[in-house]
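Data block below; observations after.
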Amino acid sequence: MSGKAGFTPEDPEDSDNRHGSPLFEGIFTALNWMTVLPVPGASVFDRTTGARVMASLPFVGFVFGMFTAIIMWAIGPISGVIHVDGLLVAVLIVAFWELLNRFMHLDGLADVSDALGSYAAPPRAREILADPRTGLFGLATAMLSVLVQVAAVASLVDSTVWWMICFIPVLGRIAGQVTALKNHHAFSPTGFGALVIGTVKFWWIALWLLVTPALAFWCAELISPLSPLTSVNTPFVAGPFPAAINPAWLGGWVAITAVVACVFAALFSRRLSRSFGGLNGDCIGACIHLGASISAVMLAVVANAMV
């Protein structure tokens with residue numbers, strides 16, 4: 001995101017005319033800012049652009065999930081010939097997530113951890129937040145968050161609900177939306193935070209909280225419970241879940257997980273706002289990464305319960 005987003009010079013006469021379709025501008029600009037994908041973004045950067053990007057943020061998570069599903073299905077036939085350890089697959093998936101977003105959210109988490117761990121007054125904390133160097137707090141927090149994700153994904157890989165891995169990036173980004181709700185403000189008038197923080201409406205989050213579990217229910221109905229890594233002879237046999245596994249319950253658990261991640265993001269954002277005198281883009285990244293870690297753990301609980 002750094003270097004990709006910032007306010008464009010104001011031109012009151014044609015600023016609105018330079019905006020494209022809200023839907024497509026939001027989606028494509030979100031992919032342009034939040035990933036390494038060569039997707040064209042908006043031509044004008046203002047809070048309208050920022051709002052559209054934040055409204056589309058979970059869609060970016062679904063793109064991550066789509067690529068994750070492709071990775072899983074590509075590894076499936078290989079596992080029919082040679083053993084592919086679930087832990088190795090988990091490492092590859094989490095590494096792919098980080099590479100796809102240029103370690104952006106992990107960097108935000110590290111910066112926020114250093115600043116928060118300093119217990120400094122807001123002015124000094126903001127200086128630490130802007131420091132490009134990473135300290136012990138940042139390194140340790142980033143490492144632990146990645147390890148949690150790897151361990152949780154490894155549990156899911158060999159489970160009957162392996163497809164839930166694809167929802168982890170989505171749930172983390174819904175949590176990230178909470179950081180930019182209208183009751184929050186950016187501590188700087190410039191930069192990415194000023195573009196997006198305070199632009200998100202609650203009903204946007206509520207809509208994603210309905211759509212995501214519905215898609216999880218659909219996946220539970222249509223995708224085989226057999227893991228592509230453990231089903232050697234028929235790695236991709238489609239079929240219904242056993243009667244003991246209720247797809248509606250799985251969709252409900254995804255909804256509960258999303259709500260928990262959002263509640264965490266709301267509480268954590270309040271804490272960060274008090275510590276820094278406002279929020280910035282790093283705070284959004286930290287909430288996304290930690291929200292994804294929390295979601296991964298909660299989904300892994302389901303996987304372990306079904307082993």
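All positions are counted from 1 along the displayed chain.
Glycine is treated like the rest: Cβ placed from N, Cα and C.
Marked as transmembrane segment by Swiss-Prot on the basis of sequence analysis: 22-42, 58-78, 80-100, 137-157, 161-181, 212-232, 248-268, 283-303.
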Given the transmembrane segment (137-157), its same-chain partners at Cβ distance under 8 Å and 6+ residues beyond its ends are 72, 86-87, 89-91, 93-94, 97-98, 106, 109-114, 116-118, 164-165, 168, 227, 229, 289-290, 292-293, 296-297, 299-300, 303-304
Range from 22-42, 161-181, 283-303 with most C-beta pairs under 8 A to the transmembrane segment (248-268)
283-303
Most Cβ pairs under 8 Å to the transmembrane segment (58-78), of 22-42, 161-181, 283-303, goes to 161-181
Give residue numbers and ranges for long-range contacts of the transmembrane segment (283-303): same chain, 6 or more residues beyond its ends, CB-CB under 8 A.
1, 104-109, 111-113, 145, 148-149, 151-153, 155-156, 159-162, 164-165, 167-169, 171-176, 178-180, 193, 196-197, 250, 253-254, 256-258, 260-262, 264-265, 268-269, 272, 276
